[in-house]
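Feature list (source: Swiss-Prot):
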| type | residues | note |
| --- | --- | --- |
| REPEAT | 100-129 | repeat 'ANK 1' |
| REPEAT | 133-162 | repeat 'ANK 2' |
| REPEAT | 166-195 | repeat 'ANK 3' |
| REPEAT | 199-228 | repeat 'ANK 4' |
| REPEAT | 232-261 | repeat 'ANK 5' |
| REPEAT | 265-294 | repeat 'ANK 6' |
| REPEAT | 298-327 | repeat 'ANK 7' |
Amino acid sequence: MNTVFFYLQVSIKNLHDSIKNLRVSIKNLYVSIKGAGITAFLQTVKYERFEEKILMDFISNLFGRDKNQSFLEASKQGQTENVEKLLRSNKVDVNYQDAYGKTALISAADKGYRDVIGLLIESGPNLDLQDENGNTALISAAKIERGDIIDLLVKNGADLNFQDENGETALKFAVKVGYKNIADQLIDAGTDLNIQDENGETALICAADRAHRDIAELLIKAGADLNIQDNSGKTALVAATKIGHKGIVELLVNAGADLNLQDKNGNTALIYAADRGYRDIVNLLIEGGASLNIPDEAGLTALMFSAQTGRKDIVELLIKAGADINIEDKNNKTAADLAAEVGFEEIVDLLTSVRTYSSS
């Protein structure tokens, strides 16, 4: 038996074993058809009890995939004329996905080929197919900051709220990297502002966490939920407080955010501000009505944190606002005890004098 045909016979018999073997078989299939003719090839594989019709369908599919792959490549390279010719031939699947889940539309969106995208849309593709990473054409357009492509996709019915493998929407990605114009465009188009990613993070929490004040303001004005907590219990307010961003904290306080929500460690925004020495934020939170005496999981209050970190100015601010100096943590220690342990005598004296004055 001809060596090439024998190898081909074995390859086809084991197509199901793996994708690698399938690719080897396809390669040898082309070689055999070209070199020896289809009739001889069919006679060879009939030896293995393949039905001729099934085999012909298989061959047809191979050539079909080849055309679809060429179509995909033309879209990826921005070859407008070739894409148009292939579409007119009616021999390509506009929704064909390669091994990575890429469609012609996603491939064109990845590279920003608007003209190609326009041609593809005229052929009625599924605008919301996702690649192996969960990216849609819309998400891809957002990633390269192409508002014109986003506009084209949205006008033709693309879903704004698909999430990628990390749970991120087009809006979430735009917020993460600070694309204000894209975020604004997606908000105006009606995207869901409160979708949470795999970590429970919303666009607003993300904006606060990354210090994007202008985007946070957009989201707040558009009606984003101020009090959603991520998987760690963090709110947008806590996120902004932890990085010391007074501007975003002020936006959230003025918008009516809940000032007393606790994360999984029991920390409030006020506790974080006191612990990290953000006096202006402590003052903002106090003026906004934050509860002064909420303890964390270890029983520590904002006053205790400021006392043990030596921030006399914040201790004075909290005392003036009415913080309870007599609360004990889970180790039965007061703010004065904690200050004494680390040698902050001025704070100890201040707390002692307040206690003496209060009891007199």
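Keep in mind that glycine also has a Cβ here, set from the backbone N, Cα and C atoms.
Helix first, then strand, then coil: DSSP counts for the repeat 'ANK 6' (265-294) stand at 16 helix, 0 strand, 14 coil. As a whole-number mean, the pLDDT of the repeat 'ANK 6' (265-294) in this prediction is 99. Long-range contacts of the repeat 'ANK 3' (166-195) within its own chain (CB-CB distance under 8 A, at least 6 residues past either end) are made by residues 134, 136, 138-139, 141-143, 145, 147, 150-151, 154, 160, 201-204, 206-207, 210, 212, 214-215, 218-219, 222-225, 228.
Packing against the repeat 'ANK 5' (232-261) from elsewhere in the chain are residues 199-200, 202, 204-205, 207-209, 211, 213, 216-217, 220, 226, 267-270, 272-273, 276, 278, 280-281, 284-285, 288-291, 294: each is 6 or more residues past its ends and has a CB under 8 Å from a CB in it.
Helix, strand and coil content of the repeat 'ANK 7' (298-327), in residues and according to DSSP, is 17 helix, 0 strand, 13 coil.
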